[in-house]
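**Q** Just dropping this structure here.
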Amino acid sequence: MSRVSQARNLGKYFLLIDNMLVVLGFFVVFPLISIRFVDQMGWAALMVGIALGLRQFIQQGLGIFGGAIADRFGAKPMIVTGMLMRAAGFATMGIAHEPWLLWFSCFLSGLGGTLFDPPRSALVVKLIRPEQRGRFFSLLMMQDSAGAVTGALLGSWLLQYDFRLVCATGAVLFVLCAAFNAWLLPAWKLSTVKIPVREGMGRVMADKRFVTYVLTLAGYYMLAVQVMLMLPIMVNDIAGSPSAVKWMYAIEACLSLTLLYPIARWSEKRFRLEHRLMAGLLLMSLSMLPVGLVGNLQQLFTLICTFYIGSVIAEPARETLSASLADARARGSYMGFSRLGLAIGGAIGYIGGGWLFDMGKALQQPELPWMMLGVIGIMTFLALGWQFSHKRTPRGMLEPGA
């Protein structure tokens with residue numbers, strides 16, 4: 001086996017272990033934020049939505065800067081620093097009793113993510129061969145789902161005792177992850193050439209096709225982020241207990257572990273990437289429309305199942321598509337900018353979703369936020385269809401198996 005092949009194989013295992021620690025640390029804390037501050041402390045959903053939206057926007061909106069700096073200086077220092085900063089954010093969240101302190105903790109958490117997320121994504125593109133990326137992204141998503149339900153279960157159990165224990169556990173996991181990277185991650189460069197920060201960012205901004213694709217995905221993310229805000233609140237309201245939230249993540253884990261990899265393997269040779277992304281988005285959008293009208297957990301979990309199946313179809317295609325469109329000369333910058341759609345869509349989804357949720361309750365129209373989200377998803381579906389029409393997309397780039 002050549003040294004390059006050996007490095008790729010070892011790199012795969014490193015990425016999987018690193019990803020599991022990050023997912024566990026994140027999901028121990030974040031799914032329970034809305035439960036803690038809205039249901040237990042009585043804050044308005046808008047206040048919590050601002051905090052979650054701020055974290056999302058800081059982490060993803062500034063990702064191009066984190067990616068460009070990583071292109072210049074390498075992945076390791078950025079990843080280690082970012083993970084320690086997120087640990088500090090979680091520790092601060094544990095003592096948050098005023099909205100400003102929650103916002104500050106989410107700001108720290110988001111800034112840490114700005115530093116470690118783009119170089120980690122770029123390492124996947126660097127280490128995984130193009131023909132294997134779709135399946136590897138599926139494996140990462142399966143791991144994400146298993147880690148999410150494990151983290152949510154652990155966090156829900158700890159929440160019975162003290163929210164500070166929840167945050168301390170998340171902080172410790174990110175400190176461990178920082179140590180793991182500091183110890184084992186080689187000083188790899190992310191791009192094929194060492195370019196100045198400004199040049200890497202300039203390459204991305206000049207790629208109009210990539211920029212349009214990323215910005216269009218903002219509507220997709222407005223729906224996706226509700227698994228952290230409105231869906232947990234909805235489950236808690238109907239069930240009358242925050243412990244029911246863990247079953248929502250258990251559903252996601254079961255569907256991902258059983259369906260994600262088989263669907264990715266079956267569809268990658270039969271359908272174009274953009275068609276898989278659009279099909280999943282349409283299913284997610286249609287499942288959102290009736291959520292506000294349900295009256296029991298069985299109906300709600302059925303819609304959540306449909307939403308997750310849509311995500312299982314869409315997510316591997318979205319990740320693979322983003323990676324395939326990236327310029328190898330500025331991988332970090334491209335993968336950082338690819339998070340801008342999540343920054344915009346996530347911030348609007350959290351803040352706008354929280355505001356609409358409060359407004360729907362005040363007007364006694366609980367279906368209002370869900371109808372709006374469904375409409376936004378359908379509009380995004382149509383926008384992607386226009387962008388990926390044959391007149392705009394060169395044939396071959398996004399073909400099955402390309």
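Just so it is clear, glycine is given a Cβ too, placed from its N, Cα and C backbone atoms.
Feature annotation from Swiss-Prot assigns transmembrane segment to 13-33, 45-65, 99-116, 139-159, 165-185, 214-234, 244-264, 277-297, 300-322, 340-360, 368-388; the stated evidence is sequence analysis.
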**Q** Looking at the stretches 13-33, 45-65, 214-234, 244-264, 300-322, which one shares the most CB pairs under 8 Å with the transmembrane segment (139-159)?
**A** 13-33
**Q** Counting CB pairs under 8 Å, which listed stretch among 45-65, 99-116, 214-234, 244-264, 368-388 touches the transmembrane segment (340-360) the most?
**A** 45-65
**Q** Between the transmembrane segment (165-185) and the stretches 13-33, 99-116, 214-234, 244-264, 300-322, work out which stretch tops the count of Cβ pairs under 8 Å.
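**A** Most Cβ pairs under 8 Å with the transmembrane segment (165-185) come from 13-33.
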**Q** Please work out which recorded stretch in 13-33, 99-116, 214-234, 244-264 has the most C-beta pairs separated by under 8 angstroms from the transmembrane segment (300-322)?
**A** 244-264
**Q** Six or more residues beyond either end and a Cβ under 8 Å away: which residues meet both conditions relative to the transmembrane segment (99-116)?
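**A** Apart from its flanks, the transmembrane segment (99-116) reaches 22, 33, 37, 43, 47-48, 50-52, 54-60, 62-63, 65-66, 78-90, 92-93, 174.
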